[in-house]
Amino acid sequence: MSPKYKNYSVINYLAFNYAGFACVAIIVFLSSTQPFFIKEIIGIDPTTATTSTTSTSKNSKDGKIGHIVGGLGFIDELTAMIVAPLLGALNDNLNSKQYNGSKLIQSFSFIIIAISLFGYAVWCKNLVPDMFIFRSIFAIGVTGCMSMVTVILNELTISDFEFWRSNKQVTSQYIPLNQEEEGDDGNDEQQQHTSPDTLKKNGKFAGLMGVCTGLGAIFSVSVFVTLPINLGMKNAYLVVMGFALLSFAILFSFLYNVNGKDNTDNNENDNNDNNNNDNNNNEISAKNESYFQLLIHGYEFSKHNKQAQLAYAGSFVARSTTVATAMFIPLMVYEWYYTIGQCKSNNDNEWAGKLTCHEGYVFAAILSGVAQTVALISAPIWGYLVDARRIGKCNTLGLAAIVGMIGNFGLSLIHSYSSNTYNPKTFICFFMISIIGLSQIGLIISSMSVLSGIPNAHDIMGSLSGLYSFCGGIGIMIISSLGGYLSDHWILGPFFILGLFNVALLVIYYSYSRQQKSGNLVV
């Protein structure tokens, strides 16, 4: 039996990885510049109770931007939670109608991102409603791009793509609904009926995507995040908008054409497949489902599939970790520099969009860069662990949860007594941030691999990916809102919450592992 998708080229694969690179670079830029944008453009000074844009802000709480950053993160993820399942079902629906769902959604997402960045630079004058509107638009674009990563990862798994070609027949197999047995995490009893070559390992693909997203984050903190220093805040947003438009052109031109001519293998032509008629019936039933039927199908599938549920829990913690590091590390540095008096405007009555806290801004980029560098270096290791027969993707997810628990509790509790005067320029801070970065990429790679490795689910993978993003959005809403509020009172509080998330994931993994070993696991 031949692969589902044929002629998957190196260019297609590079475009897939570039999408992750570009999207994460833009996400890191926006998240890192938000506290400074609020001060320099909107005019909310964290050291005073008044702002330069309004004389009616007398409440001293307005001088705290933690709850503002958290509120923006909350509306971001509320939008993502609503949009993600709809985009996932849209992908499945487009594919069933012979359109290129994943390609169209991922590429056009950068157009939406560009519109948001243009709005920030040109039209955004007030916190409410301007920033919240453009942050919501930004969330739609990012959700469209990132929710398709898992879908395309699944397409890769059942394609004929290989890192290097050989004379032997490609062993990646597409096995439609109810024709494939599950094999995962070194479970020999489950794998003994399936040839080792039956399923292509997806850990290396997820690992390299992790490398590219890590490179995107490093590129962002090295290039994009430093743009406001030289160009001013508004011009920096316009430059990144241009990058988003360029990314659209690249992805629309080079992403894999799922329904292109001669790209897919029709099961009815596979005369050697004894289950040919069953396979055709399964595909026809999927194609006849409506938009909302696909969404419901994905939900019903997830209710009874423990591997999908574990992937959703992993997404909850992985997305929370990603946003927390991007949002609260700069906030921690920002608060420290203003507390010690090293971030003062030369002219408090003039807000020209030029950054005045140069040292704090640069150090925030350095500290965030440390986490992303560790993530970049460790991504191939996590990918190897996912593919390792004795470990597997689910056990790797449990290991990443343990690492995250150590890093977040270590950062938040070791110096908890100094809370709002925490000095980020210490070895222990750099070390714990590195551990958090290590867990972040491990959670991302392993949770994506757990979801994309679910057998028998390709026709509804878009819907599953949407639910995966939805669960991640729930985690981000909690860490953004509760963490943002708590950071105004305890600057390290968000990382303590993140540590609790990792504990919860570890409990879920342990329950899954016990059911798997007892043979009572429903997949």
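Every residue, even glycine, has its Cβ placed from backbone N, Cα and C.
All annotation found in TrEMBL is predicted automatically rather than curated by experts.
Sequence annotations record features per position, and here TrEMBL assigns transmembrane segment to 12-30 (among others). Residues 106, 109-110, 113, 117, 138, 142, 145-146, 148-149, 152, 156, 161, 208-209, 212-213, 215-217, 219-221, 224-225, 240, 243-244, 247, 250-251, 253-256, 326, 368, 372 of the same chain lie 6 or more positions beyond the ends of the transmembrane segment (12-30) yet place their CB under 8 Å from a CB of it.
The transmembrane segment feature in TrEMBL is assigned to 65-84 (among others). Within the same chain, residues 34-35, 38-39, 44, 46, 127, 131-132, 135-136, 138-140, 142-144, 147, 323, 327, 331, 335, 465-470, 472-474, 476-477, 479-488, 491 sit at least 6 positions outside the transmembrane segment (65-84) and bring their C-beta atoms closer than 8 Å to a C-beta of that stretch.
Note on the transmembrane segment (104-123): residues 19, 22-23, 26, 30, 37, 87, 90-91, 94, 130-131, 133-135, 137-138, 140-145, 147-148, 152, 234-235, 237-238, 240-242, 244-245, 247-248, 251-252, 255 of its chain, located 6 or more positions outside it, place their CB under 8 angstroms from a CB of the stretch. What TrEMBL lists as transmembrane segment is 104-123 (among others).
Per TrEMBL, the feature transmembrane segment maps to 132-153 (among others).
Per TrEMBL, the feature compositional bias 'Acidic residues' maps to 179-188.
Residues or ranges marked as region 'Disordered' by TrEMBL: 179-199.
What TrEMBL records for 205-229 (among others) is transmembrane segment.
Residues 5, 8-9, 11-12, 14-16, 18-19, 22-23, 25-26, 29, 33, 100, 102-103, 106-108, 110-111, 113-114, 117-118, 120-121, 152, 155, 159, 224, 227-228, 263 of the same chain lie 6+ residues outside the transmembrane segment (236-256) yet bring a C-beta within less than 8 angstroms of a C-beta in it. According to TrEMBL, the feature transmembrane segment maps to 236-256 (among others).
Positions annotated as transmembrane segment by TrEMBL: 361-385 (among others).
The transmembrane segment annotation in TrEMBL covers 397-418 (among others). With a cut-off of 8 Å between Cβ atoms, the residues of this chain six or more beyond the transmembrane segment (397-418) that come close are 310, 314, 317, 321, 382, 385, 391, 426, 428-429, 431-436, 438-440, 442-443, 446-447, 450, 490, 492-493, 495-496, 498-499, 501-503, 505-506, 509-510, 513.
Here TrEMBL flags 430-454 (among others) as transmembrane segment.
Long-range Cβ contacts of the transmembrane segment (466-485) within its own chain (Cβ-Cβ under 8 Å, at least 6 residues beyond either end) map to 66-74, 76-78, 80-81, 84-89, 91, 143, 146-147, 150, 295, 298-299, 302, 308, 311-313, 315-320, 323-324, 327-328, 447, 451, 493-494, 497-498, 501. The transmembrane segment annotation in TrEMBL covers 466-485 (among others).
Marked as transmembrane segment by TrEMBL: 491-512 (among others). Sequence-distant contacts of the transmembrane segment (491-512) (same chain, six or more residues past either end, CB-CB distance under 8 Å): 66, 306-307, 309-310, 313-314, 316-317, 320-321, 324, 327-328, 331-332, 335, 394, 397-398, 401-402, 404-405, 407-409, 411-413, 415-416, 419-420, 422, 436, 439, 475, 478-479, 482-484, 521.
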Mind pulling out the one from 132-153, 205-229, 430-454 with the most Cβ pairs under 8 angstroms to the transmembrane segment (361-385)?
205-229
Going along the chain, which residues at least six beyond the ends of the transmembrane segment (132-153) come within the CB cut-off of under 8 Å?
16, 19-20, 23, 26-27, 30, 71-72, 75-77, 79-80, 83-84, 87-88, 91, 101-102, 105-106, 108-117, 119-120, 123-124, 202, 205-206, 209, 255-256, 448-449, 451-452, 461-462, 464-466, 468-469
